[in-house]
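A.B. asks: Sequence annotations record features per position, and here TrEMBL assigns transmembrane segment to 14-36, 234-254, 266-285, 305-324, 336-353, 404-424. Annotation source TrEMBL lists domain 'Wntless GOLD' at 54-227. Residues or ranges marked as domain 'Wntless-like transmembrane' in TrEMBL: 228-378, 401-429.
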Amino acid sequence: MQGTIIENLSGKKLSVLVILLIIAQIVCFLIGGLIAPTPASSQNILGTPCKVVSVNGSYDENTWFYSRGEGSCTSVDMHHFTLDTQQAYQVVYTFQMPVPRNSMQLDYSRWQQNLIGVLQVDISYTSQIEIAPRTKITLDARLAYRNKGDADNAWKPYAASVVERILDCSIDKPLEHYNYNCSVMPLFELGSLYHDYYLLNIRLPSDLDKNQGLGHVVDLWLTAINQNGGFTKVWVSLKTIYFPIVLGVLAWYWRRVYMLSRSPALLEYMLLALGSALTFLNLPLEYLTLAYDMPFMLLLGDIRQGVFYATLLSFWLVFAGEHLMEGEQTNSLKCYWRHLSAVGTGCLSLFVFDMCERGVQLRNPFYSIWVTDLGTKLAVSFQNYFVAEGQWKWDEDLQLEMTSAFFTGVYGMWNIYIIALLCLYAPSHKQWPIEPSGKYNRNIYIYFLLYRMSLKFGITHPEQIERTELSRKVAILTKFSLLYLLRMVMPNFRDILYKRK
């Protein structure tokens, strides 16, 4: 594009601008590394085996079992059970979240945004039953919630499902009462933490086709992973800062483009779309989760990121094409349809994939597409990455949270990059683009006619017409046209006019 700010900017001003952008980028990294805590934290919760009071071999499925508070269940010793069938029907494992810390009852905050549950099973080895390396386990899981001020037994149902997972177990020394080394399994994922307390009840049903050959289950461990509220506050603060800045720069950019005497070019439209996608990404919708239960925030966040990255890839394709392609520029997306189709197909595939998991999880938090061996390992590795990331210690007093610095740094990088594009590729007021089209072409034609007619009628300074407004030029041209027609009809019209004066 001709006539942009970057073409008319001096080297000194450009150097100052680049230095300011680099400083802003460093500040974004330092905010995440020094101010923000780790993005996620976890709690390991040992399931409490509760005794089930059954009537005629069955129990009330609407009964909730919890380990703390008034009316808590009666815990049992799992080593007293000799048969798996007795264990299955007489025990419900309960997990009450969050667990107390230093004898202080904790509660979840809405700033923590989401909750992920990962389950691990401890199975004792016995020579009577040797489990296979890959065993299918069936879980009857129910999730409930309550808030501050509610009674200890006022648990309200949230979700329930009977799910199947693959259990991968091995043992180094097959000795009695030694535990197998079993892999962890993704269990549930909540897109919002709107309530204060959560309760998970798990029963292991034992039928002819369920949990056969599972062995003697001793303990169940639940790892509850939630986003840190402090990190969310820093993240939303960055969005709150960048949202009005990008919106203001975008409005300034489009105003300068709109003031041109030509229609906007394709690259200018793509910059507008890129800035709009970033503005949509920067919109701090997390504030709404403090007042409303919005379990679709994870899905909405994925959609916003997908729109931004799809627009960014499309802009890069058009930008490279406008500068590298040979031949005349058509100023249309039609010549890029092959490249943009590839981007659209990839983004659409990721959207369908995301809807298959997060979309279903809006109705059933226990649903997971990562139930295969490879999928389970990928999911658990991804979750462990956010939990077990290390701190880089530079000296005795300074600790740098690398994961938080990475998130805030990358987020700031995209904002700074697009702000720089909007500023540097905006039309310059010093040198406007010259294109023989539109209003500019009409202005040249009008000025040419005015110049010729001014010479015919004896105007001594025709260059003054150039500084006349367009409406004034049209009026003068109309007047001169009438005079020219009268002169053609009456050749002595000029002499008559001067005699009257």
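Cβ atoms are placed via backbone N, Cα and C, with glycine included.
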A.B. asks: Just give the helix, strand and coil counts over the domain 'Wntless-like transmembrane' (401-429), going by DSSP.
C.D. replies: 23 helix, 2 strand, 4 coil
A.B. asks: Which sequence positions outside the transmembrane segment (14-36), separated from its termini by at least 6 residues, show Cβ-Cβ distances below 8 Å to it?
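C.D. replies: For the transmembrane segment (14-36), the nonlocal Cβ contacts are 6, 230-231, 234-235, 238, 398, 400-402, 404-409, 411-413, 416, 419-420, 423.
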A.B. asks: Average the pLDDT scores across the domain 'Wntless GOLD' (54-227) and report the rounded value.
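C.D. replies: Its mean pLDDT is 85.
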